[in-house]
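Everything on this sheet refers to the single structure shown next.
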Amino acid sequence: MVLLRTRSDQGARARAAGRPPAARNLPRSRRHARDTPFRAGREGAPGGHGGRIRTTLAVEQLFEYDGAVSSGPTILHADLDAFYASVEQLLDPSLRGRPIAVGGSARGGVVLAASYEAKAHGVSGGMPGWRAARLCPGLTFVRGSFERYQGLADEVMAVLRDVTPLVQRISIDEAFLDVSGATHLFGPPEQIGRLLRRRVREEVGLPISVGAASTKHLAKIASQVAKPDGLVVVEPGTEREFLDPLPVSLIWGVGPVTEQRLADRGIHTIGDLARSDRKAVERLLGRAVGSTLHGLAHNEDPRRVSTHTRAGSVGAQSAMRRVVPTRELVREVLSHLAERVAGRLRAKGRAGRTVTVRVRFAGMRAVTRAHTLAAPVSATLTITEVAEQLAWQAIGDQEEERPEITLLAVSVSKLTTQVAVQLELELPPPDPWRPGSPTGAARWALDRSMDAARERFGRSAVGYLPATMRRGGVPDEFRELAEHDL
Ligand SMILES: [Mg+2]
């Protein structure tokens with residue numbers, strides 16, 4: 001691929017398609033990038049979409065180095081831009097430069113992801129297809145190439161690991177890097193950011209944005225500000241200047257509910273939050289959340305880049321509209337979640353002893369119940385049954401007689417390797433939850449044959465009744481990609 005670099009002027013930036021929703025409130029931060037004493041440069045993304053050079057919105061904030069390599073913005077957050085849509089455009093060149101939606105259709109269904117060209121018209125993930133089609137008349141709907149996403153994202157991670165082994169992948173398409181030990185080889189963090197972006201574009205063919213800063217929290221915000229297809233470096237000492245004008249919603253962990261609560265108190269920007277009284281914020285959001293967010297607004301974030309590759313648990317969750325739970329509903333949702341969790345455990349040859357269920361009630365209050373079994377399990381039915389008991393315990397412990405629920409989550413932890421089940425002598429009383437008991441072993445064998453059938457004929461070929469009957473708007477393949485890796 002030929003790299004074409006163009007300088008974009010203000011007009012081109014404003015016209016550039018695909019400003020992400022989070023970036024819509026960012027004019028002040030972009031002014032900041034220009035008005036700072038540092039040299040501010042902009043990098044035009046490589047074009048070549050069907051031979052057309054397109055200047056995309058990208059801000060690159062450069063700064064002078066004093067020669068020290070040990071301190072500085074050495075934490076990078078690298079995040080692929082509109083990942084699923086970008087992959088579709090990579091695989092089918094006729095889709096490049098065009099507004100596309102992955103998933104859904106003009107008649108219905110749910111849009112799972114949108115290209116920046118579609119985002120420019122207000123299309124976003126989670127939106128009904130008919131609405132997306134109305135917002136963006138030229139929108140092309142494509143089915144997701146789920147089987148390709150994981151492999152391409154893994155290739156990107158391999159590029160990142162070429163620069164440093166200190167890579168912490170936090171989802172399929174984003175990771176933190178600690179480059180403090182890599183600067184003597186590759187230059188300052190800003191240069192490493194450029195290198196990574198160029199290599200991912202050239203070697204994998206995907207656009208990736210990078211933020212560099214002194215903390216994880218700030219690096220993640222910087223990569224969001226850099227999107228699409230840009231690099232933003234925040235020099236130590238200028239953190240507050242950079243953060244203050246940004247909307248609080250950019251802080252990792254601030255969802256719509258917290259955002260609204262803060263807005264009700266007149267707190268809209270990160271600077272507003274930083275200037276608020278810590279105790280008042282704690283009273284508003286709860287002590288733990290309030291204190292953490294107040295600290296983050298001051299760029300207090302002690303978290304290090306952690307490279308523990310093996311997650312301690314595997315989980316899945318399902319959010320729903322407020323509903324009074326019935327036996328059938330709880331069974332159906334938990335059996336579906338258990339199938340996903342158990343399937344992923346078995347695919348990796350793992351099993352776990354502790355089953356945890358989280359039930360969220362109307363009003364965002366959540367209750368967690370856990371049960372630790374005598375032996376590690378990976379059988380779908382066993383996890384379903386344990387989860388069901390735990391969920392009803394949590395629901396039964398509520399003061400209201402018929403509490404409404406809005407989310408169910410299942411996870412399995414205390415993981416060990418399990419490639420085969422050791423049969424036990426029959427011990428009375430028969431315990432189907434023990435994997436070595438006759439029932440336990442039969443469950444495991446049944447799951448293994450279902451796994452094999454699915455591998456050959458597809459996920460919907462076979463399954464447990466309640467789980468196969470469930471028809472959600474989002475395909476399981478997509479959910480799995482969004483869930484944490486083992
Ligand atoms: Mg991304």
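Yeah, the Cβs are placed from backbone N, Cα and C, and that goes for glycine too.
In the three-state DSSP assignment, the secondary structure recorded for E174 (active site) is strand. Around the Cβ of E174 (active site), the number of neighbouring Cβ atoms within 10 Å comes to 20. Under the heading active site, TrEMBL lists E174.
Here TrEMBL flags D79, D173 as Mg(2+) binding site. In the three-state DSSP scheme, D79 (Mg(2+) binding site) falls into the strand class.
Annotation source TrEMBL lists compositional bias 'Basic and acidic residues' at 1-12.
Annotated compositional bias 'Low complexity' per TrEMBL: 13-24, in sequence order.
The feature domain 'UmuC' is assigned by TrEMBL to 75-255.
Per TrEMBL, region 'Disordered' is recorded for 1-52.
Counted within 10 Å of its Cβ, the other Cβ atoms near Y84 (site 'Substrate discrimination') come to 26, all protein chains included. TrEMBL lists Y84 with the feature site 'Substrate discrimination'.
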At the Cα level, what's the spacing in Å between E174 (active site) and D79 (Mg(2+) binding site), rounded?
4
C-alpha spacing of Y84 (site 'Substrate discrimination') relative to D173 (Mg(2+) binding site), in angstrom:
9
Of D79, D173 (the binding-site residues), the residue whose Cβ has the fewest other Cβ atoms within 10 Å:
D79
Tell me which recorded positions (D79, Y84, D173) have a Cβ under 6 A from ligand 1; sequence order is fine.
D79, D173
